[in-house]
Amino acid sequence: MASALRRAGLVIVALLCTATVITGPARADNPIIQTIYTADPAPLVHNGRVYLYTGHDEDGSTYFTMKEWRVWSSADMVNWTDHGSPMSVSTFAWASADAWAGQTIERNGKFYWYVPVKDRASGQMAIGVGVSTSPTGPFTDAIGRPLVRNGEIDPTVFIDDNGQAYLYWGNPNLWYVRLNADMISYSGSPTQIPLTTAGFGTRTGNASRPTLYEEGPWVFKRNGLYYNVFAARCCSEFIAYSTAPGPTGPWTYRGTVMPTQGGSFTNHAGIVDFNGGSYFFYHNGALPGGGGYTRSVAVEKFTYNADGTIPTITMTTSGAPQVGTLNPYVRQEAETIAWESGVETERASEGGMNVGWIENGDYIKVKGVAFGSGATSFTARVASASSGGRIELRLDGANGQLVGTCTVPGTGGWQTWTTVTCPVSGATGTHDLYFRYAGGSGYLFNVNWWQFNGG
Ligand code: FUB
């Protein structure tokens, strides 16, 4: 990650650490991903986890320079596991650029990821569809050509209770098409949803776009009511929504969900219910070096009003509360992170991802770790092409109580893995766990996974 992000992480974490001393449930530190810039969140709940599909803004970007999509997942809304990039522009042989805002849905054991991407032949934006048997991919091009192509972007997908699936997309217009049950073809023609001011609010000062609808629709159904939450007005955007009695309308404008905030001139909404709560994902420019083209995904928990309307949600740095706790006595991926300073991730030769580019003083925070009656030892899977270093195990702060120190040797390669174990003392109850890395100069070692023993 950019060194600016490393430096800024130190400042932000110092502030956030101050906040987390206060009692109460651990909360997500926003933005929830710090290793890279992320944008256009699309959450999906599957088998007790939230899978989060995002775009990836390149460091130092001065446009929507996006080459790949990324996947993350969490069981608790605060510790997010990095699954890397299972789909990119190059997945679509017919595409040339612009891995922009998409959404993934599951049907009959397959995961379909609808994305806007530039069609090389026409130069127009088109909608492609990736498919996988796993929510974390890898995804392949399902049909080898655009599913639809009309120069417009930002697909959202929704399956109604009767099994009929719909794809919606568009900027400057708003379109829908009925998907067939195979999810990779459709019946009828793409149809425009009338953009009326009654349906989508009134925009002033732009004669060619009289309604607030800009882009990024997110369509879902709750208690028989259909919602379309979208990026409104440009620029800067805010998030607004409309509701309808049916999937194709008529839509009624309902107002603001999230006001313009956060240092990015775009915003992009994704909403899910998980474990009895409702969650609003969005992006902003809050990380160091962040802005309109270097965005970061964040999340807030919210409660629908009794009449089904959505309350106004504002951006916070504290984010959503943790759902439950994290079990340290089962193998945990090193790339499961609530907050970090200085590290990056990469594909591990043993599968999955590993944490790397670790230097002296870097750290990772894992929130709400339930040690119970006490851990007796700690094991980590590590590799080092240099002379290694130390993993300090600390509680509730990067300089908090030291409960163990594991020495990592040189292993002869950054992907030459070995397992190290060290004693642990004083880790009882539930705490935020900090891995603080120490050693000499330069990169020290990589970590693939870790596990505490005892308890
Ligand atoms: O990320 C590229 C574009 O910016 C998305 O497609 C829009 O929704 C806006 O967030």
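From the backbone N, Cα and C atoms, a Cβ is placed for every residue, glycine too.
Keep in mind that TrEMBL annotations are predicted by a computer and have not been checked by a curator.
What TrEMBL records for this protein:
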- 1-28: signal peptide (SIGNAL)
- D40: active site, proton acceptor (ACT_SITE)
- E215: active site, proton donor (ACT_SITE)
- 330-453: domain 'CBM6' (DOMAIN)
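When the active-site residues D40, E215 are compared by the number of other CB atoms within 10 angstroms of each CB, E215 has the fewest.
Across the fold, the C-alpha of the residue listed as 'active site, proton acceptor' and the C-alpha of E215 (active site, proton donor) stand 11 Å from each other. The average pLDDT the prediction assigns to the domain 'CBM6' (330-453) is 98. Secondary structure at D40 (active site, proton acceptor), taken from DSSP and collapsed to helix, strand or coil, is strand. According to DSSP, the secondary structure content of the domain 'CBM6' (330-453) in residues is 0 helix, 76 strand, 48 coil.
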